[in-house]
Amino acid sequence: MVTIVLGAQFGDEGKGKITDLLSQSATLCCRAAGGHNAGHTIVHDDITYDFHILPSGLISPDCINLVGTGTVVHVPSFFKELDALKAKGLKDADKRIFISDRAQVCFDLHSVVDGLEEAILAGKKVGTTGKGIGPCYSDKASRRGVRIGEVLEKGVVESKLRALEAGYRRQFGELKYDLEDEVKRFHEYRTKLQPYVVDQMAFMHKHRSSPSVLVEGANALLLDIDHGTYPYVTSSCTGLGGAIQGLTLNPTSIKSIVGVVKAYSTRVGSGPFPTEQNNAVGEKLQRAGREFGVTTGRRRRCGWLDMVMCRYSNAINHYTVINLTKLDILDDFDEIKVAVAYQLDGKLLESFPAQADVLDKVEVKYVTLPGWKSNTMGATKWEHLPTNAQRYVEFIEREMGGVPIRWIGTGPARNHMIERI
């Protein structure tokens, strides 16, 4: 049976930790979409692991891992990340990771183009990670991209990459990019990549009877190309639909859809953020939560939990259970606000607006809850939480239409987790 872990907000919710927990009993862990723009941090045995394109299931020694068809793979980053994991003690990691031959190749060229496209946007920048994800997906949609399987074929990458570079040069003029160097490196990758590349259809068929398949979502619903705060989104489908499509999953095999919700809100980069706190509250959340992007190192924008957004996310992803993360970051607040509705021009909005400029204008309606002013870090049992912390969790459950909060994160370590059964 399949369990899917999805971000319910703007990303950085802490998906890696619940994935790590669930992967201990999983036989297969998969990434369905996105690329090395994603960032997951896991602390295990006092060692911090940073994941970008690789699935977090690599930490568990019995878990096989797949980078699926819906992803874009920057090959140098794939090997760099794999080497970093092995250097930290995951010696057999390279024996348990595979890539779909239908995944797209993200070139250094795409990163150069990403920067040029952002520069053209000037004051209306999307705020991308600069990793080339958008241009890579654009080339995929335009049917001129390169698939991972084609890297193994002699001469294919070189001819396609030269054509891509020529096209971008016609568009942007001279590029600060070494075409010959990238061509040379992919000659080497042709052999080096071969042990990792699989036919995903055959691979998934082989694992069709696997008792436990875990899908690790990247980014989050509000960054989805269709359902997110467009155009301030990533270039892939980050929700339930993207997971099914990117891994050719049988929908009837899905047992659990885990929505990961941070106990407050954060966002990296540009785009609307109705509950953002550009004040002492935001600074306190940023400082206490150490809110810096794993991929970019950028300071995350911080604000109160937004239940309008979370309900919208739930309506699209159909969560069966919630993992609430970083509850301990709210320990020192006298009172905690939660957004429960939006108004525009004095009228209550019935749904989450599609237009980014409308989201910038909404008036947020909050409910104020009392804080608990006591330490919850490291708590592992529900009864160990202060009464007001329990009430905060129960309030969120009600606002989510009764979707149960099964796991509550209370710190960075693997065992800093409450499981409510």
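Here the Cβ of each residue, glycine as well, is placed from N, Cα and C on the backbone.
Here Swiss-Prot flags 11-17, 39-41, Arg300, 326-328, 409-411 as GTP binding site. The active site, proton acceptor annotation in Swiss-Prot covers Asp12. What Swiss-Prot lists as Mg(2+) binding site is Asp12, Gly39. The IMP binding site feature in Swiss-Prot is assigned to Asp12, Glu13, Gly14, Lys15, Asn37, Ala38, Gly39, His40, Thr129, Arg143, Asn219, Thr234, Arg298; the stated evidence is sequence analysis. Positions annotated as active site, proton donor by Swiss-Prot, on the basis of sequence analysis: His40. Among the features that Swiss-Prot reports, substrate binding site is placed at Val294, Thr295, Thr296, Gly297, Arg298, Arg299, Arg300, with the record citing sequence analysis.
Of all the binding-site residues listed here (Asn37, Thr41, Thr129), it is Thr41 whose C-beta has the fewest other C-beta atoms within 10 angstroms.
With Asp12, Glu13, Gly14, Lys15, Asn37, Ala38, Gly39, His40, Thr129, Arg143, Asn219, Thr234, Arg298 listed as the residues that bind IMP, the site has a largest C-alpha separation of 34 Å. Asn219 (IMP binding site): 30 other CB atoms within 10 A of its CB, across all protein chains. Looking only at the recorded positions Lys17, His40, Arg298, Arg299, Arg300, the densest Cβ neighbourhood within 10 Å occurs at Lys17. Checked against Thr129 (IMP binding site) by C-alpha proximity, the binding-site residues Thr41, Arg300, Leu327 yield Arg300 as the nearest.
In terms of Cα spacing, the binding-site residues Asn37, Gly39, Arg300 all stay beyond 10 Å of Leu327 (GTP binding site).
Here Lys17 (GTP binding site) is positioned 19 angstrom away from Arg300 (substrate binding site), judged by their C-alpha atoms. Taking the Cα atom of each, Thr41 (GTP binding site) and the residue listed as 'active site, proton acceptor' are about 9 angstrom apart. When Cα-Cα distances from Gly14 (GTP binding site) are compared across the recorded positions Asn37, His40, Gly297, Arg299, the shortest belongs to His40. Cα-Cα distances to Gly11 (GTP binding site) place Gly39, Asn219 within 10 Å, out of the binding-site residues Asn37, Gly39, Asn219, Gly297, Arg298, Arg299.
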